[in-house]
Amino acid sequence: MTVPIVRTVAELRKTVARWHDEGLRVAVVPTMGALHEGHLSLARTALERADRVIVTLFVNPKQFNSQADLAAYPRTEDEDAAKLASLGVHLLYIPDGIEMYPEGFATTVAVNGLSEGLCGAFRPGHFEGVATVVAKLLLQTGADLAFFGEKDFQQLHVVRRMARDLDIPIEIVLCPTVRESDGLALSSRNLRLSRSQRQVAPKLAAILFEAAARIAGGAPVDATLVEARSAIAAAGYARVEYLELRAEEDLAPLRPLDRPGRMLAAAWLGETRLIDNVEVPSGPGAITRTAA
Ligand SMILES: Nc1ncnc2c1ncn2[C@@H]1O[C@H](COP(=O)(O)OP(=O)(O)OP(=O)(O)O)[C@@H](O)[C@H]1O
Ligand SMILES: CC(C)(CO)[C@@H](O)C(=O)[O-]
Ligand code: BAL
């Protein structure tokens, strides 16, 4: 089984126009490739919700604030295409750098407020790069639905706001984080972990789930965050960039927990930066999922 691949905006538009003429609902799943079960779960959900599913593969240079990170990003196009073909995805869109950013390209999409803080504070220009490329992908595909993972929670907020502000007529759909059996959130960057780092990695999720449960149960927020931060460092993470409690709905700082929250973290294991987040329910009877 194979999946058709288009590499130009013109070919992509022609295919989508034909589908729309036939009255079909079209979904897009933007990715940077090196596909794992997290990406595939987005594609499966898209296949349930739409008649035609496009997966995009583009390692977007504009969202990398480190050349080393960009150079090390895994590229596995043939394997990716085989995985998507076996799912029944209808089209792969794989533009090259010139197709996406032709000579003279001069536009940046910036989502103020939501792009600041959390990952935005440590990856300058990252969310401008994401907002710019996702705006282009949504407009190039003309899709009716777009699927994003909860693992990149701030990104999801940035994309949702951007689509709303630019009047792009598309529904942004949020999909839950897929985890390994030991709780580690799937990420292409997990491939860079050594064997011993891989053993330490799931402790981030375990500590987040435990702290979230304690806060949901009434423990003081700031003291619990301080303890959790120390626990992440003690578990073997070299550096905790941030660990914060924010409102689920708009990412505003949340004190007290008077509406549903999210605990979000980024931390380094050697040269690899991992992110994760978990929900923090509020109100009586709030129950938090566990990592297992
Ligand atoms: N574990 C996961 N569960 C659900 N969705 C995921 C997961 N990991 C990534 N995604 C989603 O897949 C889409 C493409 O993500 P991306 O290609 O950056 O993969 P990634 O594994 O997150 O890579 P990276 O290591 O760069 O963060 C995004 O919407 C992202 O949120
Ligand atoms: C949304 C995205 C494909 C834009 O390059 C990327 O940020 C990602 O893979 O999450
Ligand atoms: N998952 C977000 C892509 C990035 O880290 O650049």
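Note that Cβ sites are derived from N, Cα and C of the backbone, with glycine treated the same way.
Going by TrEMBL, these are the annotated features:
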type	residues	note
BINDING	32-39, 149-152, Val178, 186-189	ATP binding site
ACT_SITE	His39	active site, proton donor
BINDING	Gln63	beta-alanine binding site
BINDING	Gln63, Gln155	(R)-pantoate binding site
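Around the Cβ of Gly38 (ATP binding site), a 10 Å sphere holds 21 further Cβ atoms from the protein chains shown. Put plainly, the binding-site residues Gln63, Ser188 were compared by Cβ crowding within 10 Å, and the winner is Gln63.
Put simply, Gln63 (beta-alanine binding site) is 18 Å from Glu150 (ATP binding site) when counted between their Cα atoms.
In the three-state DSSP classification, Ser188 (ATP binding site) falls within a helix. Of all the binding-site residues listed here (Leu35, Gln63, Val178), Gln63 has the Cα closest to the Cα of Gln155 ((R)-pantoate binding site). The Cβ of Glu150 (ATP binding site) has 18 other Cβ atoms within 10 Å, all protein chains considered. In this structure, Met32 are the binding-site residues from Met32, Leu35, Gln63 whose C-beta falls under 6 Å of some atom of ligand 1. Proximity to ligand 3 at the level of Cβ atoms, with a cut-off under 6 angstroms, picks out none of the recorded positions Leu35, His39, Glu150, Val178, Ser188. Taking a Cβ distance under 6 Å to any atom of ligand 2 as the criterion, the binding-site residues Gly38, Val178, Ser188 reduce to none. For Ser188 (ATP binding site) paired with Gln63 (beta-alanine binding site), the C-alpha to C-alpha distance reads 15 Å.
Reported as a whole number, the C-alpha separation between the residue listed as 'active site, proton donor' and Met32 (ATP binding site) equals 10 Å. The Cβ of Met32 (ATP binding site) lies under 8 Å from the Cβ of Leu57, Phe58, Val59, Asn60, Tyr73, Ser188, each of these being in the same chain and 6 or more residues away along the sequence. Spacing of Leu35 (ATP binding site) relative to the residue listed as 'beta-alanine binding site' is 18 Å (Cα to Cα, whole number).
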